[in-house]
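Worksheet for the structure shown next.
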Amino acid sequence: MPEPSKSAPAPKKGSKKAITKAQKKDGKKRKRSRKESYSIYVYKVLKQVHPDTGISSKAMGIMNSFVNDIFERIAGEASRLAHYNKRSTITSREIQTAVRLLLPGELAKHAVSEGTKAVTKYTSSK
């Protein structure tokens, strides 16, 4: 009865060594794919509002999901509005209307005023 080779024991189920994202089979390193997030912007706003407060990575992940969700909702609503009015371009007007439709009361008013302020600042800096 032949004995199994002792140089490499059989790996347990599911414990196969996977090639990492940063390596190829021939050993050359590959550029890591960038993971885009809003974390630096969330952090900047946090420091403006509460300079002495930090944020955990879990909370940052939640904030990132929140920003992505709101972005998708506003973009979807603005797209629908442009389609209803037979327009092929989403302008600041569609975004503003989408914000008014999606956000409740006072929150919508503040969002619209901050958005208008940001657009004015951007156009004046050009």
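The backbone N, Cα and C atoms fix where each Cβ goes, and this holds for glycine too.
So that you can see what the record holds, here are the features copied from Swiss-Prot:
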- 1-35: region 'Disordered' (REGION)
- 1-12: compositional bias 'Low complexity' (COMPBIAS)
- Lys6: SUMO2 cross-link (CROSSLNK)
- Lys12: N6-acetyllysine (MOD_RES)
- Lys13: N6-acetyllysine (MOD_RES)
- Lys21: N6-(2-hydroxyisobutyryl)lysine (MOD_RES)
- Lys21: SUMO2 cross-link (CROSSLNK)
- Lys24: N6-crotonyllysine (MOD_RES)
- Lys35: N6-(2-hydroxyisobutyryl)lysine (MOD_RES)
- Lys35: ubiquitin cross-link (CROSSLNK)
- Lys44: N6-(2-hydroxyisobutyryl)lysine (MOD_RES)
- Lys47: N6-(2-hydroxyisobutyryl)lysine (MOD_RES)
- Lys58: N6-(2-hydroxyisobutyryl)lysine (MOD_RES)
- Lys109: N6-methyllysine (MOD_RES)
- Ser113: O-linked glycosylation site (CARBOHYD)
- Thr116: phosphothreonine (MOD_RES)
- Lys117: N6-(2-hydroxyisobutyryl)lysine (MOD_RES)
- Lys121: N6-(2-hydroxyisobutyryl)lysine (MOD_RES)
- Lys121: ubiquitin cross-link (CROSSLNK)
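Recorded features from Swiss-Prot, shown on the structure.
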| residue | record | Cβ neighbours (10 Å) |
| --- | --- | --- |
| Lys35 | N6-(2-hydroxyisobutyryl)lysine | 7 |
| Lys44 | N6-(2-hydroxyisobutyryl)lysine | 10 |
| Lys47 | N6-(2-hydroxyisobutyryl)lysine | 13 |
| Lys58 | N6-(2-hydroxyisobutyryl)lysine | 8 |
| Lys109 | N6-methyllysine | 12 |
| Ser113 | O-linked glycosylation site | 10 |
| Thr116 | phosphothreonine | 12 |
| Lys117 | N6-(2-hydroxyisobutyryl)lysine | 10 |
| Lys121 | N6-(2-hydroxyisobutyryl)lysine | 9 |
Cα separation, Lys121 (N6-(2-hydroxyisobutyryl)lysine) to Lys47 (N6-(2-hydroxyisobutyryl)lysine) (Å, whole number) = 21
Ask   = Three states by DSSP: which one describes Lys44 (N6-(2-hydroxyisobutyryl)lysine)?
value = helix
